[in-house]
Amino acid sequence: MVRLVLIIFFVYTIILSIGSINCIDNNNLVTNQAALFVFGDSLFDAGNNNYINTVSSFRSNIWPYGQTNFKFPTGRLSDGPEKAWLPSIPPNLQPNNGNNQFTYGVSFASAGAGALAESFLGMVINLGTQLNNFKDVEKSLRSELGDAETKRVFSRAVYLFHIGANDYFYPFSANSSTFKSNSKEKFVDFVIGNITFVIEEVYKMGGRKFGFLNVGPYECSPNSLIRDRTKIGSCFKPVAELIDMHNKKFPDVLRRLQRQLSGFRYALHDYHTSLSERINSPSKYGFKEGKKACCGSGPLRGINTCGNRIGPSQGYGLCENVTDYLFYDSSHLTEKAHRQIAELIWNGPPNVTRPYNLKALFELRLT
């Protein structure tokens, strides 16, 4: 099972940056704020899995998650902080979410989620269900704000996506009928097709500005590096092949959508390259460990036992200095790593985030 890096520092670093391009009233609230709506997996799960009936390995509302800044577990899969002065972007399923919060955005993401409904079925909120939840938010906003204001909110908002990696790991963790009955290329096409459908649906609802990360090098996460116990430290090649296909095909889809959909604009961050560079050359980016996790057990702490999530009998180790590490647990990054990646997504040059970066998307005013 793979569970991808979370949005904690991504979104809140991004929110901090947004502050420079918005006005603030006397109550310190943004009065001209473009919303951020977030879809995806554990890269962006702000705690939705706390509110569904799932297994502990898909949650992180346990110690030591949150130890560095929150001082308590929040359900977010990193030890990163929340430092923004703006209203925080809540998980969609958090009780008592008010419509006023939704005007700033909301995260629909779910740790372990995929674009395919069969990926970890019954344990996560898949991308199609996340879309349905977004449609429910639309209804609430239309009721509260009216059609015209809701249309304005949606047209100015940015829609951020990271999804797909769980679909590519799932066939190697469980029985996938879709994977078994199709070629690898066709399977990747199914994943991308489901993502494309959701993008087009959000566009029909008024969305125009989209941010994407391609699929990261999770074939080389600590968890993946120990999958073949005869080759500890080797990346998991079966998944690498699928991820490579995805990352080659997906940019073509986005270019096609930009040609076909009037006003469609996007930012695509090359997350695979950004994270690969840090895994392979950690010292260049200020890390001592690029392949061993801070929290977990077994070789490279690659067994996902952080916080005794699979039972106290297993136990786990915890590093002394988390800033030395790229990975916090077997699949998720540390705050320091999040900060670096977030800056590349927000304000990165065209060789890493293109054709727009996220800052440019927020500043963009479409007529």
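Note that Cβ sites are derived from N, Cα and C of the backbone, with glycine treated the same way.
What Swiss-Prot lists as signal peptide is 1-23.
In this structure, Ser42 (active site, nucleophile) belongs to neither helix nor strand by DSSP; it is coil. Every protein chain shown contributes to the tally, and the Cβ of Ser42 (active site, nucleophile) ends up with 29 other Cβ atoms within 10 Å. Annotation comment: Swiss-Prot describes Ser42 as active site, nucleophile, evidence class similarity to another entry.
Using a 10 Å Cβ-Cβ cutoff, Asn175 (N-linked glycosylation site) registers 9 neighbours. A coil conformation is recorded for Asn175 (N-linked glycosylation site) in the three-state DSSP classification, outside any helix or strand. Annotation source Swiss-Prot lists N-linked glycosylation site at Asn175 (among others), citing sequence analysis.
In this structure, Asn194 (N-linked glycosylation site) is part of a helix by DSSP. Every protein chain considered, the tally of other Cβ atoms within 10 Å of the Cβ of Asn194 (N-linked glycosylation site) stands at 21. Positions annotated as N-linked glycosylation site by Swiss-Prot, on the basis of sequence analysis: Asn194 (among others).
The N-linked glycosylation site feature in Swiss-Prot is assigned to Asn321 (among others); the stated evidence is sequence analysis. All protein chains shown were included, and the count of other CB atoms within 10 Å of the CB of Asn321 (N-linked glycosylation site) stands at 9. Classification of Asn321 (N-linked glycosylation site) by DSSP places it in coil, neither helical nor stranded.
Residues or ranges marked as active site by Swiss-Prot on the basis of similarity to another entry: Asp329 (among others).
Sequence annotations record features per position, and here Swiss-Prot assigns active site to His332 (among others).
Around the Cβ of Asn351 (N-linked glycosylation site), the same chain contributes Asp270, each under 8 angstroms and 6 or more positions distant in sequence. When secondary structure is read from DSSP and collapsed to three states, Asn351 (N-linked glycosylation site) falls in the coil class. The N-linked glycosylation site annotation in Swiss-Prot covers Asn351 (among others).
Nearest in space to Ser42 (active site, nucleophile), taking C-alpha to C-alpha distance over the recorded positions Asn175, Asn194, Asn321, Asp329, His332, is His332. His332 (active site) counts 32 other C-beta atoms within 10 Å of its own C-beta, drawing on all protein chains shown. The Cβ of Asp329 (active site) has 33 neighbouring Cβ atoms from other residues within 10 Å, across all protein chains displayed. Asp329 (active site) sits 29 Å from Asn194 (N-linked glycosylation site), counting Cα to Cα.
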